[in-house]
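**Q** Structure below; questions to follow.
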Amino acid sequence: MQFLHNKNVFALLLSQSFQSLAGVLVTIVLMVRIYQMTDSVFLAGLILSFMSFASIAASFCVSPVLRILGFKKVLAGANLLRAVFIILMAYSVTHHGQAFFWITLLFVFCFSFAGAFFQPARFALLPIIVPKKQYVKANGVISLSNQLFLTAGWGLGGLLTYAVPFELVVGAAICLFVLSGASISVLHVNEEEAAGTAETASVRSIWKDLMIIPIVRDITVMDMLEALAGSVWSSAILLAFTAAVLHETEVWWGMFNASYFIGAIVGSVIAIRFSSFFERNMGYAIMFSSLVMSALTLLFSFSPVPFLCALACAAMGPFYQVRDICQETMLQEVIPEQKRIGIMAAKNAILTPWSGVTYSIMGLVADAAGAKIAFIAAAALYIMTFLIALAQPRLVHYRRENRVQ
């Protein structure tokens, strides 16, 4: 993995890992704290809602801010700002009263607004610091690192909120964001070249490009369908399936979650190991993964044996990761260089709030028809993404020479 000796790649990887872990810890500790203070699931859930609103708002100014201030200043500064907002959130959330609650949500909005700059910028920076032939491998390594740190964050976050004082968890998150910003500060990029990836066109033009570049449009639609399908794997629906359909305890519920994350990590390793194969067959990998995920979801929904369900979860992880890595690589290649940041910010502005809505939709399906029907509906949605890919020859038969100029 020679490209990891590239200091720029390593710095970007380190920065993302630190900020991913810190972001998860902050989300968990805030939601738990607010729930303990208010005894309201709705009020605790407003944390995620305000984070989504911030992502939408940030999508309209990511490109101009990065173009004017430069990548390093914005990314390093954003991480340091997030550390400051954690301090402010920690102060306000420890005070009772409606006013302090809304002040906390305001700080949550600012915290997430600053964080919304990272992913579009990282998406645009990677093709600048990595040769094209290493896109799949680089995306695979970053995805693997992200999965490991997210797994650690969600796995340990709940435990830490109960076993470790609130102030220590907050302090750890602050340190992680400072380290993330410090990692970005050692990044060496040509700011003029990087600024060329920040679109100077109007917001309307960026959203128009999102809809008229065929592969970008198709992948966005597929992502929306797969987000709706994937919401059945949320903790609440999966727990209901475990209890009502399998008649098992929370132990198996935890095993299903763990199995998927293990599979996702394996998927990233597979994408790295066989990157040259996936580079030649990205379209087929995306299409085939959707088909297999549909089959595995059906297997999960109809299997009466918990062990087989756990195997289905583990098997789904690699296909999901390979598809995700191939999609990101394909987007990096087909989106014109100067439009990468704007288009990805617009795409995230669609998918972030949509992801929140999907949990409500599938939750209603599970309440009305049962958890098993919700999983069968998810399998049907995966089939729809397979059919969309199958109906788009330019996506299925994608070759690098198809890149939009």
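From the backbone N, Cα and C atoms, a Cβ is placed for every residue, glycine too.
Sharing the record's features from Swiss-Prot:
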- 9-29: transmembrane segment (TRANSMEM)
- 41-61: transmembrane segment (TRANSMEM)
- 74-94: transmembrane segment (TRANSMEM)
- 98-118: transmembrane segment (TRANSMEM)
- 138-158: transmembrane segment (TRANSMEM)
- 168-190: transmembrane segment (TRANSMEM)
- 227-247: transmembrane segment (TRANSMEM)
- 252-272: transmembrane segment (TRANSMEM)
- 291-311: transmembrane segment (TRANSMEM)
- 373-393: transmembrane segment (TRANSMEM)
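Provide an account of the burial state, proximal residues and distances for the features listed.
**A** Within the same chain, residues 3, 47-48, 51, 75, 79, 82, 86, 89, 111, 115, 118, 122, 125-126, 129-130, 138, 141-142, 145-146, 148-150, 152-154, 157-158, 160-161, 166, 169-170, 172-174, 176-177, 179-181, 183-184, 186-187 sit at least 6 positions outside the transmembrane segment (9-29) and bring their C-beta atoms closer than 8 Å to a C-beta of that stretch.
With a threshold of 8 Å between CB atoms, the same-chain residues lying at least 6 positions outside the transmembrane segment (41-61) that come near it are 27, 30-32, 34-35, 101, 105, 108-113, 115-117, 203, 345-346, 348-349, 352-353, 355-356.
Residues of the same chain lying 6 or more positions beyond the ends of the transmembrane segment (227-247) and with a Cβ under 8 Å from any Cβ of it are 253, 256-257, 260, 293, 297, 301, 304, 306, 309, 351, 354-355, 358-359, 361-363, 366, 370-372, 374-375, 377-379, 381-382, 385.
Residues 1, 136-137, 139-141, 143-144, 147-148, 151, 233, 235, 238-239, 242-243, 246, 278, 306, 309-311, 313-322, 325-326 of the same chain lie 6+ residues outside the transmembrane segment (252-272) yet bring a C-beta within less than 8 angstroms of a C-beta in it.
Using a Cβ-Cβ cut-off under 8 Å and counting only residues 6 or more beyond its ends in the same chain, the transmembrane segment (291-311) has close neighbours at 229, 232, 241-242, 245-246, 248, 252, 255-256, 259, 319-320, 323, 372, 375-376, 378-380, 382-383, 386.
Among residues of the same chain six or more beyond the transmembrane segment (373-393), those with a C-beta under 8 A of the stretch's C-beta atoms are 214-215, 218, 221-222, 225-226, 228-232, 237, 241, 283, 286-287, 290-291, 293-295, 297-298, 300-301, 362, 365-366.
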**Q** Under an 8 Å Cβ to Cβ limit, what residues of the same chain, 6 or more beyond the ends of the transmembrane segment (168-190), are close to it?
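**A** Apart from its flanks, the transmembrane segment (168-190) reaches 7-8, 11-12, 14-16, 18-19, 21-22, 25-26, 29, 71-72, 75-80, 82-83, 86-87, 90, 125, 128-129, 160-161.
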